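J.: Checked TrEMBL, it gives:
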type	residues	note
TRANSMEM	36-57	transmembrane segment
BINDING	48, 51, 52	Na(+) binding site
TRANSMEM	78-103	transmembrane segment
TRANSMEM	109-131	transmembrane segment
TRANSMEM	152-175	transmembrane segment
TRANSMEM	195-216	transmembrane segment
REGION	256-279	region 'Disordered'
COMPBIAS	268-279	compositional bias 'Acidic residues'
């Protein structure tokens, strides 16, 4: 296209949503058997969005169910239906006449340095708070013991390489961060910029809020707040081994056992051959 127009590539197209929905379709139209390539291209876009939606729904629903397991573990499909409806309604703004601007705004603020900050905090939490070596021991419970050299690469990534790279990219993203602009380089209005910062804040503020809650529950002890709970470990007893032999029974399992004694248990629960209640 740049060759036919006699212009540099960066003047014909830039990285944006127009690349997928304007430039590529126009380029595909110039190929032999263009209808076939157009069908394959948009089928690829559809499946790409679909599997992304799967991961989003699974992530949100799993977090909610893990927070309220007793109430929601047997109501997973109802929760998924509610979440799907909510996400559908939230997405309607993106198909209005101003939808492309909303999509650009969300992409610019929600998929930028905020995600990098969350990734750094997750990596720091696993490697330095929970403990990378403890995490490796948990993995070895599932896949068996491995030699030290097997874990050398992962230790290097978790403890040094990944944190340094992510922090460097995060700092660079903050230094080069610019407010949103239209395609003609006019800045977005102030209210749109405010919405963008609120989008980032809605995700990042959860981290300090839950940190304060954890501290308050543990009498402001940093050590206790950053240590695994007493019922942390495999849910089923036969998978705990010697590593989690002394763990407390999860609150949910205790409540289910009480319900069974009272004759009010949910029929979807059954006993296994070691007497442990399970789904």
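A Cβ is built for glycine as well, from the same backbone N, Cα and C atoms used for every other residue.
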J.: Whose Cβ lies within 8 Å of the mean position of the Cβ atoms of 48, 51, 52, the Na(+) site, other than those residues?
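T.: Going along the sequence, the neighbours appear as 47, 49, 50, 53, 54, 55.
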J.: Quickly jot the same-chain residues contacting the transmembrane segment (152-175) by Cβ under 8 Å, restricted to those at least six beyond its ends, or write none.
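T.: Long-range Cβ neighbours of the transmembrane segment (152-175): 112-113, 116-117, 119-120, 123-124, 126-128, 132-133, 135-136.
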J.: Count the CB pairs under 8 A between the transmembrane segment (78-103) and each of 36-57, 109-131, 195-216, then give me the winner.
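T.: Ranking 36-57, 109-131, 195-216 by Cβ pairs under 8 Å to the transmembrane segment (78-103) puts 36-57 first.
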J.: Around the C-beta of residue 48 (Na(+) binding site), how many further C-beta atoms are within 10 angstroms, looking at every protein chain?
T.: 11
